[in-house]
Amino acid sequence: MGFTLLIDNYDSFTWNIYADLASVGGNPYVVRNDKITLKEIEGMFSDGELERIVISPGPGHPRTDSGVSRDVIAWGMGKLPILGVCMGLECIVDLLGGEIAYAGEIKHGKTSLVQHDSIGVFHNLPQFLSSTRYHSLSAQIQSLPSVLQVTSTTKESGVIMGVRHRTYTVEAVQYHPESCMSEGGRGLMANFIQMKGGKWGGENAWCGVPAEGEEEQPKAKTNGAPSLPTILNRIHAQRLLDVEQAEKVPATSPANVSTSLSLYASPPLINFRDRMVSTPHTAVMAEIKRASPSKGDIAPTASAPEQALKYALAGASVISVLTEPTWFKGSLLDMLAVRNAVDSLPNRPAILRKDFVLSKYMIDEARLYGADTVLLIVAMLEPQQLKELYDYSVSLGMEPLVEVNNPTELSLALEIGSKVIGVNNRNLHDFNVDMSTTSRVNAALNGRDVVLCALSGISSHEDVEKYVKEGVKGVLVGEALMRASDTKAFLRSLIGLPPLEVVPKSRPLVKICGIRSTDDAKLAISAGADLLGVILVPGTKRCISTSTAREISALVQSARSQSSSKPLEPSLSSPWFTTQSDLLSSRRKPLLVGVFQNQSLSDILSAVEEIGLNLVQLHGDEPQAWAKFIPVPVVKVFRVSPEGIVRGGEIRRPGLNQAILLDAGGVSGGGGEGKAFPWEHAKRLIQSGEVGSEGHMPLPVILAGGLTPENVGQAIEQAGEGVWCVDVSSGVEGEGGKVKEKVEAFVKAVRG
């Protein structure tokens, strides 16, 4: 009969291990870590005497205080079973490249409940074993080598209590199973001494650990406890507590959330699946991810709406917002801010609540805070619960993204009718990534009509191309995007798109304002003006009556009927003002603009209806939000002082007025006073760019104030790219109104 070599790392608990091994027939032979050489151990093995090795607990750090232990482990892996206890576990993890660091808690002579995976050394042992702990160090999940998997953790804090090699018969526990206060210690030792040889499977199949290359099947639950005591279980438990606390707060109680939804306090939805399949390229689900359990902090100070705009303007089809606060450092407020930030885009990305959704309440939360879809993780939900949550989400108009990790989970997802399925390449139990997971699941899909997405570990165009060739329609990318130095360029490179470039604009449009008669209108139209402005501000010198305005409108609409529009499909990547200026530029010309100043909204709406205005210009202190209630595009005037101070509202705010007009700070406010402001201020505003574009997309403006045929060319040149229209009134007038030669000269100076 062979023996068990027990390496003593100078710890009194070694003799407890000796007693347990002896009682179950392990025939232990004890030697201290500096009293034996590797050559001697090799000789024992060659002689057929050595059958297994145990590395004992001990003080200190494995690199400095474990003697021959690390060398023995390196030699013995793949040859014979190895069990590490406390210091023994730390030796194994450290040897294989993991990090041994502060466990987050100091436990000396304290007990904790340990939950485990019920296989290997834990075969047939009950869940929630009371265990004795004497340590302050532990393996760190973030750095755990991919060849190791977590087998057990403490129930209350999730500290790693056990690891196992995926290929070799190497097991380790952090706690002390040999202590008289620990449960199941001799059962654990009995399991260990039954193991044979150096690899799982074969004659070790009895203990349930799959051999290398075998598919690990989902474990049954034991006594109601989760079969895999991993980070996933910790998150599951914490999210249940989080939801319970949220439901107790009056403002976020289930009743109040439901009432808010019934009042349509939530933003409007778009169809998640349609947004995915309508994308002309591979759909990118770009994730906002500050941290993760496997990587720790990634971008802890990242602004969610700022990151979302980068993603959206680069062409993302979906923005995934992690709302889990403890491990991922996200929040529901992040998601609401993201939703608001992209709301003004013409074809905005769908918003995904990326969380561990466990209840209908969490789906209601998602809907209220701006999500278009939610993530349902098959691994976290019982089949009946999965079906109930899927159906409930669909009833709210949100087709869920259903996450799977293997063909068994895929079958469950298909059974409930999932239309969009994501394959997580990351195993949520140990957070290791296997990029072939998507390929295996895709093969099991057998061509079914679902939108398949790959969800983890994607960091290059080659990764994406591999999946696209297999029929994958979308990819979720998080960490790689969060770490990218140029987010937009990197996102586009993933799907083979060129970097974003600003398309040079044609020469600016021309607006002739202060039209007072049909004669003025005729000469402006004849000269080629694109927009004609009529002043409808009582008490100003160019104000005209409603009847005159109607006559001018009839003339303008007649001219428009003889012109043609340019077909325009709004770019997926264009921000608000760029999109609106492109749309206005593409319309039939000329367009009639009614100018108002500090008049009531009802007066403005009446004038639009009675006169037939194509646009409205708000020239006073009107709220920008009025633009939502005016049925035609709105030009909002902002006044620029000689010092460059801008007044009139939030000039770069998207989603309200369709156009920005820069004018000098006048007295009457009716325009046409012939005063200019320094055009370098216009250039500064233009170059500040659209919100979220980081200055790469100029802010389109209408330039007004003191322009003449003589200076308009200089004004355009000094203000720079971004002037999409110039506005003139007094600069083309004489004593009797508009002067034909001046109007023609102005248009010619603009167009060259």
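The backbone N, Cα and C atoms fix where each Cβ goes, and this holds for glycine too.
Over in Swiss-Prot, the protein carries these features:
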ACT_SITE  Cys86  active site, nucleophile
ACT_SITE  His176  active site, for GATase activity
ACT_SITE  Glu178  active site, for GATase activity
BINDING   Gly58, Pro59, Gly60, Ser136, Leu137  L-glutamine binding site
DOMAIN    3-202  domain 'Glutamine amidotransferase type-1'
REGION    231-495  region 'Indole-3-glycerol phosphate synthase'
REGION    509-752  region 'N-(5'-phosphoribosyl)anthranilate isomerase'
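On the structure: features taken from Swiss-Prot.
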{"residue": "Gly58", "record": "L-glutamine binding site", "DSSP (3 states)": "coil"}
{"residue": "Cys86", "record": "active site, nucleophile", "DSSP (3 states)": "coil"}
{"residue": "His176", "record": "active site, for GATase activity", "DSSP (3 states)": "strand"}
Self-check item: recorded positions near His176 (active site, for GATase activity) (Cα-Cα within 10 Å), from Gly58, Gly60, Cys86
Solution: Cys86
Self-check item: In the chain carrying Gly60 (L-glutamine binding site), residues 6 or more apart in sequence that have Cβ under 8 angstroms from it
Solution: Ser66, Met87
Quiz item: Of all the binding-site residues here, Gly58, Pro59, which one's CB has the most other CB atoms within 10 A?
Solution: Gly58
Quiz item: What number of additional C-beta atoms lies within 10 angstroms of the C-beta atom of Cys86 (active site, nucleophile)?
Solution: 27
Quiz item: Including all protein chains shown, what's the count of other C-beta atoms within 10 A of the C-beta of His176 (active site, for GATase activity)?
Solution: 24
Quiz item: Near Glu178 (active site, for GATase activity), which residues of its own chain have a C-beta under 8 A away, given they sit six or more steps off in sequence?
Solution: Phe13, Asn16, Ile17, Ala19, Asp20, Val85, Gly185, Met189
Quiz item: Expressed to the nearest Å, what is the distance separating Gly58 (L-glutamine binding site) and Cys86 (active site, nucleophile) at their Cα atoms?
Solution: 7
Practice problem: Using C-alpha atoms only, work out the spacing between Cys86 (active site, nucleophile) and Pro59 (L-glutamine binding site) and round it to an integer in Å. | Solution: 9
